[in-house]
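Undergrad: The structure is given below, and queries will be raised subsequently.
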Ligand SMILES: CC(C)[C@H](C(=O)O)[C@@H](O)C(=O)O
Ligand code: SF4
């Protein structure tokens with residue numbers, strides 16, 4: 001029987017299979033940020049241990065940082081301590097750190113790929129659920145908890161039960177004005193937020209193959225929101241073209257050898273998955289969420305659905321609608337928008353800024369909308385200027401902030417006020433996610449741009 005992409009990478013990294021227990025898996029790349037690493041480093045210190053492979057460990061502050069005046073000391077004392085602790089730990093344990101202001105600094109899941117640290121065929125972990133993003137390169141990448149961060153720091157290995165495999169095939173082509181964010185939100189709505197629990201997902205099919213690397217990252221990023229352990233896409237020419245010449249990617253003879261190996265990774269024709277699901281790209285339109293989890297989403301032209309039959313599910317559905325202030329049967333189009341957030345490890349890359357700018361070009365931001373445009377990294381920020389997108393955005397009344405997780409989660413200064421409706425390109429719309437009482441509608445960059453211009457939720461294909 002043939003092997004899947006996942007099997008090939010997992011098997012190549014298996015140190016020991018513990019009978020009746022987990023696998024001891026070797027980790028190629030370990031990313032750390034300021035939120036989930038402090039106790040792990042404390043644990044090492046307490047036990048007098050070193051980091052096993054500092055050369056394979058890369059860190060950057062992203063969650064607690066402000067997105068204005070990053071050259072000044074961080075005002076919030078908790079955030080300042082978090083960031084400072086990462087700085088000290090990186091120095092003490094000799095791991096690479098990209099501090100605030102460094103040209104490599106950015107959201108960890110934006111920083112890794114754009115610097116060529118995320119490579120096909122590798123195992124990648126980070127104390128962060130959206131580590132699934134890196135699977136876009138054909139890597140086994142997954143989020144881990146703080147005690148596991150300590151385990152990887154100390155041993156460069158992790159104990160993991162082998163997940164089941166699921167292939168999600170999307171046939172056909174995405175329509176114009178439809179992005180991979182819409183594809184991801186569509187899939188999550190079909191499968192439910194627990195639909196992929198216990199599985200590692202591989203995305204396949206013509207619609208997936210046609211995606212750029214950045215769109216693939218957006219798709220894999222959201223895998224975790226349907227419970228998947230991770231999401232991945234087989235590496236191909238698109239992957240190699242993206243990686244070639246990036247700072248930490250192999251070069252010269254090593255590049256040729258790496259590509260030759262990477263070409264062997266796609267699943268064999270006779271590989272068998274534990275579960276197979278198929279969708280048609282033609283069924284996907286720009287998406288918006290109406291509730292308080294990423295699975296509560298609809299096509300922008302659809303009404304908020306009827307409540308589910310199950311009594312408990314009905315209760316949480318009604319609670320979500322009450323929180324969001326939406327009614328079943330009504331359309332989200334035309335709902336007043338207070339905030340727009342373009343950014344996060346889901347949609348904070350250059351292509352997202354290009355898409356947003358393409359819509360707002362020659363138009364104006366609506367005066368009642370507060371818009372936060374937050375690049376995912378300093379490299380993205382620089383490219384925005386190099387491509388002249390900053391001019392387009394500024395002429396349309398937008399201001400670009402400095403990189404960070406920002407309004408994706410209320411862990412820094414960028415909080416959406418209670419009661420306000422925010423159209424956000426991030427990945428979570430939980431109650432209070434963007435600030436206590438804030439109401440979040442998840443969408444792609446084009447829907448976000450249309451909302452920012454019109455001040456109400458608008459189908460970007462219409463106007
Ligand atoms: C802070 C971190 C642990 C968390 C995660 O794991 O995803 C955050 O990045 C998020 O998006 O909620
Ligand atoms: S941008 Fe959002 S989802 Fe991504 S790592 Fe930061 S907080 Fe988590």
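Every residue, even glycine, has its Cβ placed from backbone N, Cα and C.
Grabbed the feature section from TrEMBL, which reads as follows:
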| type | residues | note |
| --- | --- | --- |
| BINDING | 345, 405, 408 | [4Fe-4S] cluster binding site |
| COMPBIAS | 57-70 | compositional bias 'Polar residues' |
| REGION | 52-72 | region 'Disordered' |
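Describe the structural context of each listed feature in the structure shown, including burial, neighbouring residues and relevant distances.
TA: Counting Cβ atoms from all protein chains shown, residue 408 ([4Fe-4S] cluster binding site) has 29 others lying within 10 Å of its own Cβ.
Residues 29-35, 37, 51, 76, 78-79, 82-83, 86-87, 90, 95-102, 104-108, 111-112, 117, 153, 372, 374, 401-406, 409, 411-414 of the same chain lie 6+ residues outside the compositional bias 'Polar residues' (57-70) yet bring a C-beta within less than 8 angstroms of a C-beta in it.
Under DSSP, the residues of the region 'Disordered' (52-72) split into helix, strand and coil as follows: 3 helix, 3 strand, 15 coil.
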Undergrad: Three states by DSSP: which one describes residue 405 ([4Fe-4S] cluster binding site)?
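TA: Looking at the DSSP assignment, residue 405 ([4Fe-4S] cluster binding site) belongs to neither helix nor strand, so coil.
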